[in-house]
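Over in Swiss-Prot, the protein carries these features:
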DISULFID  C37-C124  disulfide bond
DISULFID  C40-C113  disulfide bond
DISULFID  C71-C82  disulfide bond
SIGNAL    1-24  signal peptide
Amino acid sequence: MRCISPTALVTFCAGFCISNPVLAQGLEAGVGPRADCEVCKEFLDRFYNSLLSRGIDFSADTIEKELLNFCSDAKGKENRLCYYLGATTDAATKILGEVTRPMSVHIPAVKICEKLKKMDSQICELKYGKKLDLASVDLWKMRVAELKQILQRWGEECRACAEKSDYVNLIRELAPKYVEIYPQTEL
């Protein structure tokens, strides 16, 4: 058997990684941790951290009850994730066990989401909308539908708004209340 020098081994491995397009693909700048299963990872991480901070018992049944409660407050893309998991009242399928069992033994959210992706690819297709910085955006240049979306995400509604100026004034009035809670609003 031949002995290989460490530099020859490193050179061989580096050449192999660069020549293999599948391995080199992960080295691209565009591939980031948020690129895949973004909603699933962030939602389950937040859920797991809330369980830890409240000192909840990590049994599958307890986690399932807490997940149902957590999903009852979810809105937007996170509500859609809860629907796919079966944690909403109108859900067609129920795969909560695929979340609660692994989480009861402290498996990271990334691994849980990868497993869920194999079961239902729609779960990882959910993406958060682009972020909107209310301090830098000109509300007058936005469409009324976009202004309504901002209010909807905040859980507010303007029944008396007839013109664009009414929506803009209401958003500016409510912004201090919600900018502290939601530093950047999704559009």
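Think of each number as a place in line: the chain as shown, counted from 1.
Glycine is no exception: its Cβ is also placed from the backbone N, Cα and C atoms.
Where Swiss-Prot records a feature, it is marked here on the structure.
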residue	record	DSSP class
C37	disulfide bond	coil
C71	disulfide bond	helix
C82	disulfide bond	helix
C113	disulfide bond	helix
C124	disulfide bond	helix
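With respect to their backbone Cα atoms, C113 (disulfide bond) and C82 (disulfide bond) stand 13 Å from each other. Here the candidates are the disulfide-bonded residues C37, C40, C124, and by Cα distance the one nearest C82 (disulfide bond) turns out to be C40. Between the candidate disulfide-bonded residues, C40, C71, the densest Cβ environment within 10 Å is the one around C40. Between the disulfide-bonded residues C37, C124, C37 has the most other Cβ atoms inside 10 Å of its own Cβ, all protein chains included. Note: the Cα of C37 (disulfide bond) and the Cα of C71 (disulfide bond) are spaced 17 Å from each other.
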